[in-house]
Amino acid sequence: MPPPEPMPGYGTLLRRGYGSLAEAARGCGDCGWELARRTWAENAHLGWAEVLLCGLCALGWTALRCACSRSIFRPFGEWCNLQPKDAAKMPESAWKLLFYTLSWSYGTYLLFFTDYPFFHDPPSVFYGWKQGMEVPTDIAVAYLLQGSFYGHSIYATAYMDTWRKDSVVMLLHHVVTLTLIASSYAFRYHNVGILVLFLHDISDVQLEFTKLNVYFKHRGGVYHRLNDIISNVGCLTFSVSWFWFRLYWFPLKVLYATCYSSLQSVPNIPFYFFFNALLLILTLMNIYWFLYIVLFVAKVLMGQMQEVNDVREYDVEDAGKSARARKREAGIQLPKALKEGLHLRNGLVKDKRL
């Protein structure tokens, strides 16, 4: 096996990545739907039994989330006497924190506690690639869990989660991710898929943990300083990890491997443009969200926000849909004050006549 290749800089990535894409485009004389159809028929290996199993697991995640929200998360929020708005949102974050912690821990195990060298030597994801090669069981399990969860997440974002201004982008993200998971499994690019999932899950763990501390800092009618401190620290570490994992390591490890190293290992690698286009879309969405994160941190530093009220404060909920989503998620009645025409702002009930 060749020695690990040093991780390149942004300049090397742009130069070699663009050069490889341009050269591959010039050499593709018959690119089109017919070539795509033929390439899919010859290289894709995804059985209906695997698709059905993934779909059943997606339904299982949805049922498990509803059961956890009804039996664990919502009763715990009521026991802690959270504010109504926070109590309605808490089950969503608790569920996501539970899954992303488990998935990121499993990804960490695969990359750092097994013989897979993908993190330290990203080009190795394509060493020994063969058409229809067998997927190791431990990686296949990770793919089943992640693929079914993102299938569930498409439904959950539309019908279970609190609706936000970036929810449409979130839906697009889930569709792109599920497409990447399914197609990378079918074409046996599972090694690079594990690296992509690992680099993205850590930010979701920090995001949901920080949001939970935001919800718990005002409970039982008492301000809890510890949760406030944790949420502020979590906001900072979340911002740093987003840049480090998604905008530094992800391009230099994953995009470099898929755009440049893949052609060095497999000169006629199937669906080269398709996979790199999806990964570039994922990169653009990461940049899109990072701009919001920078704006949020700037507001805090400039004193425009006295405290971290929500790590995604830039997301303004649509009142009508969010109320319905919270009602479906938590299975509770709307607050009596809301029915009587009062407004809930920052968890405080204010009469319209005041």
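The chain as shown is numbered from 1 upward.
For all residues, glycine too, the Cβ spot is worked out from N, Cα and C.
Automated prediction, rather than curation, is the source of TrEMBL annotations.
Features of the protein shown, as given by TrEMBL:
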DOMAIN    88-302  domain 'TLC'
TRANSMEM  45-64  transmembrane segment
TRANSMEM  97-119  transmembrane segment
TRANSMEM  139-156  transmembrane segment
TRANSMEM  168-186  transmembrane segment
TRANSMEM  229-249  transmembrane segment
TRANSMEM  269-297  transmembrane segment
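Highlighted: of the candidate stretches 97-119, 139-156, 168-186, 229-249, 168-186 has the greatest count of Cβ pairs under 8 Å to the transmembrane segment (269-297). Highest Cβ contact count with the transmembrane segment (139-156) among the listed stretches 45-64, 97-119, 168-186 falls to 45-64 (criterion: pairs under 8 Å).
Panel annotation: around the transmembrane segment (45-64), residues 99, 132, 144-145, 147-149, 151-152, 155-156, 160, 182, 185-188 of the same chain, lying at least six beyond its termini, place a Cβ under 8 Å from a Cβ of the stretch.
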